[in-house]
Structures are given as C-alpha cells and as structure tokens.
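Feature annotations, courtesy of Swiss-Prot:
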- GLY16, PRO17, MET18, PHE19, SER20, GLY21, LYS22, SER23, ASP99, GLU100, VAL101, GLN102: ATP binding site (BINDING)
- GLU100: active site, proton acceptor (ACT_SITE)
- CYS156, CYS159, CYS194, HIS197: Zn(2+) binding site (BINDING)
Amino acid sequence: MLKSPYSGGHLEVIVGPMFSGKSEELIRRVTRALIARQRVQVFKPAVDDRYHESAVASHAGRTVGALAVGDVADIRAHLSGEAPLLQASAEMPDVIGIDEVQFFGPELVPLALELADAGVRVILAGLDLDFRAEPFGCMPDLLARAESVEKLTAICTQCGAPATRSQRLISGEPARFDDPVVLVGALESYEARCRLHHVVTR
C-alpha cells in the first residue's frame with residue numbers, strides 16, 4: 001500500500017523483541033512513502049549509534065536517512081522550524097517515522113497524538129518489553145492509542161520457537177533484574193528468546 005488505509009492522520013506502532021525486524025519494517029514503510037513522493041521525516045534517539053549516526057539501520061544492513069535527536073523537545077523544535085542546528089523543516093511532513101521510541105520520555109505520547117490530529121501519518125517502532133519482560137517506557141500508552149499495531153516476533157536462539165523477549169547477557173550470563181533498564185547493544189549483549197527460555201536473575 002502506498003497510502004495508509006486510514007484517512008487523515010493516525011498512529012502506526014511496530015513492536016517486538018530485539019532482532020524481530022522492527023527497524024526493517026519501519027524502513028520498508030518509509031521507503032514506500034518516499035516512492036509515493038510523500039514528504040517524510042525520520043527521527044531516531046541520539047543514544048542509539050550502534051550502526052549509523054544519521055540513519056535508521058536494521059540489523060540486516062538496510063538504512064534510511066534519519067535525524068538523531070536528544071529528546072522529544074528536539075523533535076518539536078525541528079518540526080516547528082525553531083531548530084536551525086537540526087535542519088528545521090520548512091513544512092510539515094506527510095509521514096513521520098520514529099525508531100527506538102522506548103528511549104524517549106512520556107512526552108512523546110502527546111506529540112504523537114498532536115501530529116496525528118494534524119493529519120500526519122506517524123509510524124513508531126520500538127521494544128514493547130524491556131530485558132526483564134516489563135512494559136518499556138511510553139510504549140504501552142502508544143499501543144493503547146494507535147490505530148494500527150504490528151507485533152513482530154524473532155526466533156528463539158535456544159529452541160527456534162517464536163521469540164517475544166529480549167534476553168540481556170552480561171559476559172554470557174543473564175542480566176540481573178535490578179540492572180539498569182537501558183543498555184544499548186546488539187548481538188554482543190542481547191539474544192531473542194521465547195517465554196520458556198527467557199531468564200532474568202533476581
């Protein structure tokens with residue numbers, strides 16, 4: 001679909017564990033919007049610099065240009081034209097994509113709603129659960145308010161079943177429940193696991 005099936009602005013949320021293809025799906029949707037000659041702007045948290053500083057990148061290596069921002073205030077400033085250092089937008093995009101939304105604060109929720117109310121297609125991708133399998137950041141609120149939700153699964157590294165959890169590993173061992181929630185990493189720190197094989201040390 002070049003156009004979303006929803007008329008006017010709306011929220012699309014893509015969730016799942018690490019290695020489930022969330023960024024890949026965001027890139028796919030954004031690329032289709034670009035082919036359809038829609039105005040598109042993609043944002044990513046500056047803290048996520050694993051693969052590329054100025055692009056959303058999938059684990060498979062696909063990329064789409066993105067603006068790295070420190071927080072939601074930076075997104076607002078860019079969209080309002082008050083952020084010369086962030087290449088302020090001349091006009092409101094038709095489509096806004098935001099990757100790794102779990103790293104943004106709760107103020108992302110009202111911004112996403114405002115954008116949708118203004119007629120923007122907002123595509124949000126991120127983890128729904130943290131490494132402890134607890135709801136992650138602002139994602140539960142976004143899921144409740146979205147018109148469209150796609151929950152992806154990965155493959156459990158232990159048994160090959162569909163994986164819905166992100167297993168954090170520290171020196172090869174499961175992380176402790178009271179470890180910091182945010183730890184940016186990839187294969188060196190995380191594995192996809194099913195419910196049965198997801199382990200959190202207490």
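Every residue gets a Cβ built from N, Cα and C, even glycine.
Features as recorded by Swiss-Prot, highlighted on the structure.
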| residue | record | DSSP (3 states) |
| --- | --- | --- |
| GLY16 | ATP binding site | coil |
| LYS22 | ATP binding site | helix |
| ASP99 | ATP binding site | coil |
| CYS156 | Zn(2+) binding site | coil |
| CYS194 | Zn(2+) binding site | coil |
Cα-nearest neighbour of CYS159 (Zn(2+) binding site) within the listed recorded positions, MET18, LYS22, GLU100, VAL101: MET18
Neighbouring C-beta atoms (10 Å sphere around the C-beta of CYS194 (Zn(2+) binding site)): 21
Length of the line joining the Cα atoms of SER20 (ATP binding site) and CYS194 (Zn(2+) binding site), in Å: 12
Least Cβ-crowded entry, counting other Cβ within 10 Å, from the binding-site residues listed as MET18, VAL101, CYS156, CYS159: CYS159
Entry from the recorded positions list ASP99, GLU100 having the most other CB atoms no farther than 10 A: ASP99
Binding-site residues clustered about the residue listed as 'active site, proton acceptor' [Cα within 10 Å; pool: GLY16, LYS22, CYS156, CYS194, HIS197]: LYS22
Neighbouring C-beta atoms (10 Å sphere around the C-beta of GLY16 (ATP binding site)): 25
Alpha-carbon spacing, GLY16 (ATP binding site) to CYS156 (Zn(2+) binding site), which is rounded to whole Å: 13
